[in-house]
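Structure first, commentary second.
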Amino acid sequence: MKTRLLLVGCGKMGGAMLEGWLARGLNADNVYVIEQADTAENLETRLGIHGITELADMPDSFIPQVVLFAVKPQILPEIIDLYKPLVRAETVFLSVAAGRTTAFFASHLGDTARIVRAMPNTPAAVSRGMTVMFPTDYVSTAQRDMCEVLLKAVGEVSWITDEALMDAVTAVSGSGPAYVFHMVEALAQAGVTAGLPADQAMLLARQTIVGAGFLLDSSPESAETLRKNVTSPGGTTAAALDVLMNPQDGMTALLEKAVEAARKRSTELAG
């Protein structure tokens, strides 16, 4: 990859993406990262990129094709105006800051700025993430492709054409890993209630979720088919699923309530 990239912020998410890009052949000499001095120096030494502490340190001769904001959303209002001089047709602004809409960026960078809003999730840290993106009208096909290549370095990518759906995306895939982690906790606790030692119950629950996810990922079958494959009529799994699939208070009803709560909160946070 020959993309000229300016990465603003290199915490867990930004760092995972950066290492994924470099592993896939992104030229380190084409990357500038803005971070605190000690982090910038460490990244430069360890990865060979250009670590700087502020935008003014970036050479005027370096024209980034992608400016990627990977800072906490509450920091953006303090820094976003500094990047307006970078607005040009060949530069796309890609944000993974939760809750910050394209309207927010346009209000600071101008209506003609090329902006892509992205919602990744934490498994991106191990290159197994799910990222959903929304582009503004001025983003070119080539810029969309560039953003997709970058985000595919840390997992799967999907696009939406209605930014309002980003709240639902946040509620499903953005917050989704926490639901799965809680499922491990709940399954382990159920094992303890059933008589298993706590450490063994956690091992069983954790590996079951990990293994089931790997099976789902590697199988051409749907989740429904895989579920049916392990459910014998009148068996133990069927007895448990009668509870979990109860239309009134089963897992689907519970998750619908949880996702709706997360969606509404995402809407509130976006203002």
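The count begins at 1 with the first shown residue.
Cβ coordinates are placed from backbone N, Cα and C, and glycine is handled just like the others.
Nobody curates TrEMBL annotations by hand; they come from automatic prediction.
Over all protein chains present, the Cβ of Val71 (NADP(+) binding site) has 24 other Cβ atoms lying within 10 Å. Annotation comment: TrEMBL describes Ala70, Val71, Lys72, Pro73 as NADP(+) binding site.
Mean pLDDT across the domain 'Pyrroline-5-carboxylate reductase catalytic N-terminal' (7-99) comes to 93 in this model. The domain 'Pyrroline-5-carboxylate reductase catalytic N-terminal' annotation in TrEMBL covers 7-99.
The domain 'Pyrroline-5-carboxylate reductase dimerisation' annotation in TrEMBL covers 163-269.
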Cβ-centroid neighbours of NADP(+) site Ala70, Val71, Lys72, Pro73, 8 Å, sequence order: Gly9, Gly11, Phe69, Gln74, Ile75, Leu76, Val96, Ala97, Ala98
Candidates Ala70, Lys72, Pro73: member of the binding-site residues with the richest Cβ shell (10 Å): Ala70
Reduced DSSP assignment, Ala70 (NADP(+) binding site): coil
